[in-house]
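Everything on this sheet refers to the single structure shown next.
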Amino acid sequence: MRRDVRILLLGEAQVGKTSLILSLVGEEFPEEVPARAEEITIPADVTPEKVPTHIVDYSEAEQTEEELQEEIHKANVVCVVYDVSEETTIEKIRTKWIPLVNGRTATGPRLPIILVGNKSDLRPGSTMEAVLPIMSQFPEIETCVECSAKHLRNISELFYYAQKAVLHPTAPLYDPEAKQLRPACAQALTRIFRLSDQDRDHGLSDEELNAFQKSCFGHPLAPQALEDVKRVVCKNVSGGVQNDRLTLEGFLFLNTLFIQRGRHETTWTILRRFGYSDSLELTPDYLYPALHVPPGCSTELNHRGYQFVQRMFEKHDQDHDGVLSPTELQNLFSVFSGAPWGPELLHTVPTQAGCLPLHGYLCQWTLMTYLDVQQCLAHLGYLGYPTLCEQDSQAQAITVTREKKLDQEKGQTQRSVLMCKVLGARGVGKSAFLQAFLGNSLGEARDPPEKFPLHTINTVRVNGQEKYLILCEVNADSLLDTSLDTTCDVACLMFDSSDPKTFVHCATIYKRYYMDGQTPCLFIASKADLPEGVAPPGLSPAEFCRRHRLPAPASFSCLGPAMPSTDVFTQLATMATFPHLVHTELHPTSFWLRGVLVAVGTAVAAVLSFSLYRVLVKSR
């Protein structure tokens, strides 16, 4: 909604434009009237809509044509004033003033116009019969107000209607010639209806209507008011109420009725509560609320966010089979501007026979929140999170984690979403590794590996806690890029156990990107089902890891009758959760060994101290 309103008064000389302004401000009819009033600013706290309002007068005798066009360009609404006792001033509305205001606007939005019949004290009766044909000819005319500056009649109402024409315009909502909602308005209201229909039975129950009413207007409807609404709809729309529930047709009819009766602010209140702008598009402020993410921090859905997206899953799982079919997923996206998740979803999260189970669905939301929180905020906005959850914005569904360096200092992370970069030469099996994390086999896939997504996500358990682990495949060619972002919670360096050259490549990556840092690293020997290749001169993988105090290389193979072991994924998640255990301390035996060494060291020190004591005693 606009932050201020600029009203311009136009009309023939002596129709009372200046008198209207001065009567409004002074609350009395002025005895002496200047040729033109200075611009008046009415503070927000004294206007009905709580918006600052600027009122601008015009004098044909004092201002040029260029100055007039400049004022028209700056105005938000124009009041064309005529003298009810002078028919020639009414005719000038059609022939002069409206062409001046909107004559140069062949297409696009036109300035709203309020017709103002002044000096109603000089003529009995009304001029509405003479004005109605003009209103029918020019749809930009919002309304007509008859008033008297001398008797202070309808002065406040005139400026209220002018404000209303700007803040709650009719033109984007309603086509007066067709006497129906404009397509963009009907589409926006249809989306709002679908969001409010929580049980997806194609009707709003009394409970859903009251929730909608409370969300938009701050209070529920009285039981009698609910019945009155449904009675009006039943009387006017066939099928507007079915099974005592308001249907989409009934909902659209009610909003049409509001507009036809001059209560279009009611429809605008609904639209703006659900994030729409004056152009009937979701505003950037609604879709992308402010969310500060400092460097080194990540973003996750919090409990409110997970509860909401799970609620959306259950709402659209119409057959209650625990998965979203392609049709059910399409229904979920019907309130979006377009389907955000494509066929790559099948190779990104765990799926079930081409359908999306709740587990995979939550994984996808988690991945999106981590990789692109702005997109996540927009998706939550499309689903109506702020309205349906009665929150200020969807930013309240997001948690920003503490900085990674603090995790490293404390030796443990509180993050529930962990990032693992998978690096290695081309052809070592990175794509197969990512798909194995989902329980998929590349052998069964129709697409070549290069067409697979670069991210997969699943859950693993670390010390009894569930963690989301994201595997991110780093393209082999991008490793030559000095600006490559290798930041992660754990690095997986993959080499082909049958091709020693690929290990040399991994060792180079480790030395370049990770050797001097604190990121845990795990070397993985892929294709463990193949014979081991002849190692070139130099350190073997096991010796290299031992020298650099890294865990021993883990073996991995996608071939065989059984699914690949998930132990390696658990190991990666554990290393990411406890980043201070960068070296071999991750193995249970090393904890025991370290304890033994400490105990032995203590015993040796005690023996040496006792022996030294005996020598000193004897020397005395």
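Quick reminder: no glycine exception, Cβ is built from N, Cα and C everywhere.
Note that the structure is predicted; figures quoted are calculated from it, not measured.
DSSP gives Ala149 (GTP 1 binding site) a coil state; it is part of no helix or strand. Within the same chain, residues at least six positions away from Ala149 (GTP 1 binding site) with a Cβ under 8 Å of its Cβ are Gly16, Ser19, Leu20, Leu22, Ser23, Phe29, Asn118, Lys119, Ile155. The GTP 1 binding site annotation in Swiss-Prot covers Gly16, Lys17, Thr18, Ser19, Ser59, Asn118, Lys119, Asp121, Ala149, Lys150, and the record cites similarity to another entry as its basis.
DSSP gives Asp57 (Mg(2+) 1 binding site) a coil state; it is part of no helix or strand. The Mg(2+) 1 binding site annotation in Swiss-Prot covers Thr18, Asp57 and is backed by similarity to another entry.
Annotation comment: Swiss-Prot describes Asp197, Asp199, Asp201, Glu208 as Ca(2+) 1 binding site. Using a 10 Å Cβ-Cβ cutoff, Asp201 (Ca(2+) 1 binding site) registers 13 neighbours.
The Ca(2+) 2 binding site feature in Swiss-Prot is assigned to Asp317, Asp319, Asp321, Glu328. Around Asp319 (Ca(2+) 2 binding site), taking its Cβ as the centre, 8 other Cβ atoms fall within 10 Å, counting all chains. Taken residue by residue with DSSP, Asp319 (Ca(2+) 2 binding site) is part of neither helix nor strand, so it is coil.
What Swiss-Prot lists as GTP 2 binding site is Gly427, Gly429, Lys430, Ser431, Ala432, Lys527, Asp529, Cys558, and the listing cites similarity to another entry. According to DSSP, Cys558 (GTP 2 binding site) is assigned to coil rather than to any helix or strand. Cys558 (GTP 2 binding site) has a Cβ environment of 19 other Cβ atoms inside 10 Å.
Every protein chain considered, the tally of other Cβ atoms within 10 Å of the Cβ of Glu473 (Mg(2+) 2 binding site) stands at 21. Classification of Glu473 (Mg(2+) 2 binding site) by DSSP places it within a strand. The Mg(2+) 2 binding site annotation in Swiss-Prot covers Ser431, Glu473 and rests on similarity to another entry.
For the recorded site, Lys96 (ubiquitin cross-link), the DSSP three-state label reads helix. Taking Cβ-Cβ distances under 8 Å and a sequence separation of 6 or more, Lys96 (ubiquitin cross-link) has no neighbours in its chain. As annotated by Swiss-Prot, ubiquitin cross-link applies to Lys96 (among others), with the evidence given as similarity to another entry.
If you look up Swiss-Prot, you'll see Lys119 (among others) marked as ubiquitin cross-link. For Lys119 (GTP 1 binding site), the count of additional Cβ atoms within 10 Å of its Cβ stands at 23 [all protein chains shown]. Under the three-state DSSP scheme, Lys119 (GTP 1 binding site) falls in the coil class.
Sequence-distant contacts of Lys164 (ubiquitin cross-link), defined as residues of its own chain at least six apart whose C-beta falls under 8 angstroms from its C-beta, comprise Glu49, Glu142, Glu265. Classification of Lys164 (ubiquitin cross-link) by DSSP places it within a helix. Taken from Swiss-Prot, the feature ubiquitin cross-link applies to Lys164 (among others).
Packing against the domain 'EF-hand 1' (184-219) from elsewhere in the chain are residues 172-174, 226, 229, 242-248, 251-252, 255, 267, 269-271, 273-274, 276, 280, 315-316, 318, 331, 334-335, 383-384, 387-388, 390: each is 6 or more residues past its ends and has a CB under 8 Å from a CB in it. Marked as domain 'EF-hand 1' by Swiss-Prot on the basis of sequence analysis: 184-219.
What Swiss-Prot lists as domain 'EF-hand 2' is 304-339. Under 8 Å from some Cβ of the domain 'EF-hand 2' (304-339) lie the Cβ atoms of residues 191, 194-195, 198-200, 282, 352, 354-358, 361-362, 365, 369, 379-380, 382-385, 388-389, 391, 396-398, all in the same chain and six or more residues away from its ends.
Look at Swiss-Prot and you will find 415-578 tagged as domain 'Miro 2', backed by sequence analysis.
Summarised as a single figure, the pLDDT of the topological domain 'Cytoplasmic' (1-594) averages 90. Taken from Swiss-Prot, the feature topological domain 'Cytoplasmic' applies to 1-594.
According to Swiss-Prot, the feature transmembrane segment maps to 595-617, an assignment based on sequence analysis.
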Practice task
Just jot down the residues in the same chain as Glu208 (Ca(2+) 1 binding site), at least 6 apart in sequence, with C-beta under 8 A of its C-beta; none if empty.
Solution key: Ser196, Asp197, Gln198, Asp199
Practice task
Find, among the binding-site residues listed as Asp57, Asp199, Asp321, the one whose Cβ has the highest number of other Cβ atoms within 10 Å in the structure shown.
Solution key: Asp57
Handout entry: Cα-proximity to Glu473 (Mg(2+) 2 binding site), 10 Å cut-off, over binding-site residues Asp317, Lys430, Lys527, Asp529
Key = Lys430
Completion exercise
Students should find that the Cβ of Thr18 (GTP 1 binding site) has, within 10 Å, a number of other Cβ atoms equal to 21
Handout entry: Residues near Lys527 (GTP 2 binding site) in space but at least six apart in sequence (CB under 8 A)
Key = Val428, Gly429, Asp496, Ser497, Ser498, Ser557
Practice task
Quick one: of the binding-site residues Asp57, Gly427, Ser431, which has its CA closest to the CA of Asp319 (Ca(2+) 2 binding site)?
Solution key: Ser431
